């Protein structure tokens, strides 16, 4: 191009365009290039709110936490594979989530990320202006052909290695009309574009138009962008000065659009299609559920607690990325939460349906467990069915997001699956909608979803509209016990707390202070005396003597061919001796305790302790039918499985099951099956367990309690248990067989000595 045709296309009017709502948090990655300023200038002039980070001054997690609306990768020196810092990782993460635009090296990063080769372009082009041909789409929409654009590069992506997922969008035409060096690429599915030239150069024509087109792109895919653009155009066409507030606005609109695209895509995956989910539900494989309303009304606190699991939010970014959902849920449950709310939205809240599934699993077998809430942007019956199959007891329906017809349809569908939804409102209009719907549980969001401002008085002001039999929850901004007292004063029945608990160093202590106003460490319950099991019993006399000495469990061996196996008549006489000694009295627990969740092993230990003395039948690798027959025949109170029997057998046996494990064996801490795990070195081997391995086992799960067996005798039982240190509190009982024998026969004196010694431990 001759010097006479050189035109200065730089912005002569420095007044920026009106802010683009969809470009409110654009992040520009600076690859240490002077042109980055010009890119920044053009973006701001076209209405974007831009923050710049150099490519080695921010981590990917920090970048994710910024929750950008768009991502722009700047030009830069060097090769994208070695000199682009975080740029390529940023493209990988945000691809399919938000619009991405790459300039010069930025385009080369896109090319490289998807497997193309970036190499020498055939000539060094620094300041060369060339006429650009383009496809008129995306960033080039509405722009003329043969635009003069300026090039500053010696590298470029090659035609022969063009990744399958990318298409060429612009090029410098050769004299024969064929396509020359690639000047632009676009991802075929994701909202990603790149240009090799510099639209921000003063010698490039219509550069601002390219940036303007990019800033108005929305969503992570072209399909999503098209849908949102049509929706925006339709809304603009129908907008009147007196029009009501749209149902979906600002961040809600963005999240809704993203989730809609994700759900639509998921429905196409074999095994996750709507028909697949319905087939699974028809087989009744969804976990058992409980009533949301009943669980909320059965709270240990004056104001019921819905404790939330979320790692991030649109307003606060990432704040608890490393917390795992099931561990946190167990803390919530045992601290008194009535509901556990699980965020399952992956991009803005960093959750997933797998979090909910894991939370439900960790609550298995827990008496008075909390209800599980799927907190998600629900707009489709598919999401509700998916939640039920994962173990949810309830789902969230946000009135602001849903037209009444859809809201009512989703509400009724949830009820058809046995789930009373939590219906979220924010103002009087939405509250009236929820009441019209017939919602039994209504949550008032104290946070304005458009401004993110919190007003704790919102719930109280809406209380007068709520029927007396409707459960009312405050959903945001609760941080202190005084906040809870204020809610109670305003007639609020429950609170939902998320970020404050997730940030707390000790979730259990935080809940105690928040809900009950109690400070200081959680008091420990007095340690119960050790349970004592005398096993290998071969006479009614020995059984009676063991019970007289204070034994809680009397075991007899039911394994044919073993030296301690008893015959039919002896088994009957032992059974009679044990059952004639049964304790009498109430086994009720306090009404306060019944309102809190209990760990499965903890409650079973209490039940066994209250019902003793109990008769235990020991089996090893025998048919289930034989176990069931002998349990009935000898009126066994407990069945002990000492072999390789499946865990599931415990649910087929009509009495509690004690199951033998070695330290480190899989399944020991699995809830909902065996009532108590028994740690043993071997079947009557008389060999002491390796106590270090016992400690490691107990340290894995702070709620697991065990019976201890193997090599115990009157002279070492006290020392063995106490050598476990603080972990000894988790040993609820000891089991002895050969340790109370002399000459292969049970010694009544040793039985008495063992019981006395064991009971002296605590």
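Each residue, glycine too, has its Cβ placed from N, Cα and C.
These figures come from a predicted structure and were not determined experimentally.
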Of 57, 107, 108, residue recorded by Swiss-Prot at the L-glutamine site of 76, 77, 78, 154, 155: 108
Fewest other Cβ within 10 angstroms of its own Cβ, chosen from the binding-site residues 108, 154: 154
Residue 200 (active site, for GATase activity) and residue 154 (L-glutamine binding site), distance between Cα atoms, whole Å: 18
Largest CA-to-CA spread of L-glutamine binders 76, 77, 78, 108, 154, 155, angstrom: 12
Rounded Cα-Cα span from residue 104 (active site, nucleophile) to residue 155 (L-glutamine binding site), Å: 9
Residue 198 (active site, for GATase activity) versus recorded positions 77, 78, 104, 108 - nearest by Cα: 104
For residue 108 (L-glutamine binding site): DSSP state (helix, strand, coil): helix
Residues near residue 104 (active site, nucleophile) in space but at least six apart in sequence (CB under 8 A): 33, 35, 74, 75, 76, 152, 153, 195, 196, 197, 198
Rounded Cα separation (Å) that holds between residue 78 (L-glutamine binding site) and residue 200 (active site, for GATase activity): 19
Residue among the binding-site residues 76, 77, 78 whose Cβ has the most other Cβ atoms within 10 Å: 76
